[in-house]
Amino acid sequence: MSNTSPSAGVIHDLGYRHYDGPRHTDAAIARALFFNGLGGAYGIGRTGRAKWIPFVLLIMYILPAFITVGVLSFGLLNELPTKLYNYPSGSAILPSIFVATQAPTIFGRDLRHRSIVLYMARPLSARIYALTRWASMTGAVFLFLLAPLVLLFLGGLLANLNAAELTRQVAPALGVCFLISLGTSSIAGIISSWTLRPGLSIVFSLAVFMLGNGIVAMLQAILQVTGKASMAAEMLGIFSPYAAANGAIHAFEPTTAMILAPSSAAVHALYWVVCIIGPALGVWLIGNRITRGGNR
């Protein structure tokens, strides 16, 4: 008989039969949570309309790229109508809807149904839980944004477009997708974890994404047309996750889709600070909410 005393406060040590066998590590638990969240964002393991909404959005998002590849295959175009790295920002509505509708499932469901208490009873910290859920959402958004770009890239190669030019666009495109994923997942995660009603979470997230993006674009366009563009006007992009991502990548690829692009190293640096500090702050706020929910 083992003399090892059970660790206090761990849920699988509570009961009439003690277990001294192998247990999953924190890394294994986090990995399972990550893939559970990633699959859940695309309806895997869910029921009803939750299964088809993500795929309908994905098909709608890919459709313009699919049509473009079809036109290329008939030789009606000599180049892609848009750069690969401009596609995500040019069709920001569908990615925003995807993030807003799936974030309540990944971030809010465990808090809403009080199952978060069971997670926190295991040897998994609230910070690791929050980071894992955030990584799931970020990965799901990144795959969503990446899908049409892969189709355009492969279609361009099969249509004998300039392979060197297409390949040159890959790194900026991946950078834009990654930074947009970080920003949108953080914003939607904060809203969904603190606003536990799914309907309100979706509305608030969409309002932040669409109003932020629209207001920034409108103000920058007005300032540009009136000839009042300044460094302050260039900084307005930090209030939109899409503009912030493009502003950061603009330091390496000056043709990203921006109305008022950064014109100095200082503004470029500001965009990068926002793209890095913003998600870090988001994970911290989500972790705080998880901690409060797990202690109840």
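Here the Cβ of each residue, glycine as well, is placed from N, Cα and C on the backbone.
Please treat TrEMBL annotations as automatic predictions, because they have not gone through curation.
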Transmembrane segment per TrEMBL sits at which of 28-45, 82-99?
28-45
Can you work out which residues elsewhere in the same chain, 6+ from the ends of the transmembrane segment (141-161), have a Cβ less than 8 Å from its Cβ atoms?
57-58, 61-62, 64-66, 68-69, 72-73, 75, 77-80, 84, 87-88, 95, 98-99, 170, 173-174, 177-178, 180-181, 184-185
Sequence-remote partners of the transmembrane segment (28-45) [C-beta within less than 8 Å, at least six residues beyond its ends]
51-55, 58, 102, 105-106, 122-124, 128-129, 131-133, 135-137, 139-140
Are the transmembrane segment (173-194) and the transmembrane segment (52-77) close, by which I mean at least 3 Cβ pairs under 8 Å that are 6+ residues apart in sequence?
no
